[in-house]
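Annotated features in TrEMBL:
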- Gly65, Ser66, Gln82, Gln83, Phe84, Arg85: GTP binding site (BINDING)
- 1-146: domain 'C-CAP/cofactor C-like' (DOMAIN)
Amino acid sequence: QIDPKDYTFSGLKNETVGRLPGKVAGQQFVIQDCENCQIYIFDHSATITIDDCVNCQIFLGPIKGSVFFRDCKDCKCVVACQQFRTRDCRKLEVFLCCATQPIIESSTGMKFGCFQYYYPELALQFKDAGLSIFNNTWSNIHDFTPVSGENNWGLLPETAAVQDYVPLPSSEELKAVRVSTDATKSIIPITRGRRQKNSDESCLAVFFAGDYTTANARKLIDEMTSKSFQLVQTKEVLMKAEDAHRVFQQSALEFIPLLEKGPVVALEFNGDGAVEQCQSTVNEVFSGTKVFVSESKASASQDVDNFYNFADMQMGM
C-alpha cells in the first residue's frame, strides 16, 4: 500500500530533505508550501507538482511526464522532464532538460540554463523515465502570456555553475549520493541551444542505432568540444526511408537499411572548420561505424535545417 506521505514534502521551513535513489520509483510526487528549503529527489517519478514554494533550491531527477510549478518565487532548480510548465511564478532559475517545448504562463523573471548533473544511478533513471539524454529543448521557451515590450524570460549566463544555484546536499543521508556538478561529467550533453552561434559554419553528424550509439555520440562530443567546437543541439528520433531522402539527400540509400534498428542520434557542432574536423575525427575514431557527416560547409547548414525541421515535426513541437 502506497502512503502519500512518502511522496509529499509539505509545509517545511529551513530544512534539507530528499529521497534517495530507488525511493520514489516512478510514483507521483508533491512539493508544496515550502520556504527556505533544499529539496532533492534523486530518483525518477511519474509527475511532480510544486506549489507555493518560496526561496527553495530543488533538484528533481527524471520525470516521465510533466513537472508543474505554480505560485512559486525565488527558487533555483535543476530539473529533467518530458514536459515543463510554470504558472504565476516569479524569479525561477532553472537548469533544464526537457524533451518538449517548455511553457511558461503568467510568469516573470524566469531564467534557463542547460541541465548538467551526474550521479551513478542517473543514466538508468533517465531510461526508466523513458527520456533520452539527447532530447533537450531547454532554451526553446514558449511564453503563453507574453507582454508587449517586456521579456518574461531569458537565459542564465553561459558561465553559470549548477552548484552556485543548487548546492550539493549537506545532510548525512543525502551525501551518500555521489553527486557531481562538473559539466564534463554531466549525463546530459551541454548544448548552446538558442544562444548566438560563434560561427556561420555548423556541421551535422548522425549516428545510427546500435550497441554503442550513445557511447559513440558522447565520444564525438568529447573530441569536438575538446578542440573548442561547440555543441549546439542534439536529438534522438526515429526515421523512416522517406525522411532519410529528405535529410541525407543523395547518400540516403546507403543509410536507409540502418534506420530499421532504432532511433538515430544527431549532433550539431558549430565553429570555423567544424565540417573538416568532424569528418577527420569520424574517420579516425569510428572507422568501422557508419556515420553521416555533412560533406561541405556549403551543404552543412542545409543538412542541419533539414534534419531539425524533420525532427521537430516528429516530436510534435
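Placement of Cβ uses the backbone N, Cα and C atoms for every residue, glycine included.
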Environment of Gly65, Ser66, Gln82, Gln83, Phe84, Arg85, the listed GTP site - residues of the same chain whose CB lies within 8 A of the CB centroid: Thr47, Ile63, Val67, Phe68, Cys81, Cys98, Thr100
Long-range Cβ environment of Arg85 (GTP binding site), under 8 Å and at least 6 residues apart: Ser66, Val67, Phe68, Phe69, Pro102, Ile103, Ile104, Glu105
For Gly65 (GTP binding site), nearby residues of its own chain (Cβ under 8 Å, 6 or more apart in sequence): Ala46, Thr47, Cys81, Gln82, Gln83
For the domain 'C-CAP/cofactor C-like' (1-146), residues assigned helix / strand / coil by DSSP: 11 helix, 73 strand, 62 coil
Among the GTP-binding set Gly65, Ser66, Gln82, Gln83, Phe84, Arg85, as the record gives it, the longest Cα-Cα distance in Å: 11
Proximal but sequence-remote residues of the same chain as Phe84 (GTP binding site) (Cβ under 8 Å, at least 6 apart): Ser66, Val67, Val94, Leu96, Cys98, Thr100, Pro102, Ile103
Confidence summary for the domain 'C-CAP/cofactor C-like' (1-146), mean pLDDT rounded: 97
Cβ-Cβ neighbours of Gln83 (GTP binding site) (radius 10 Å): 17
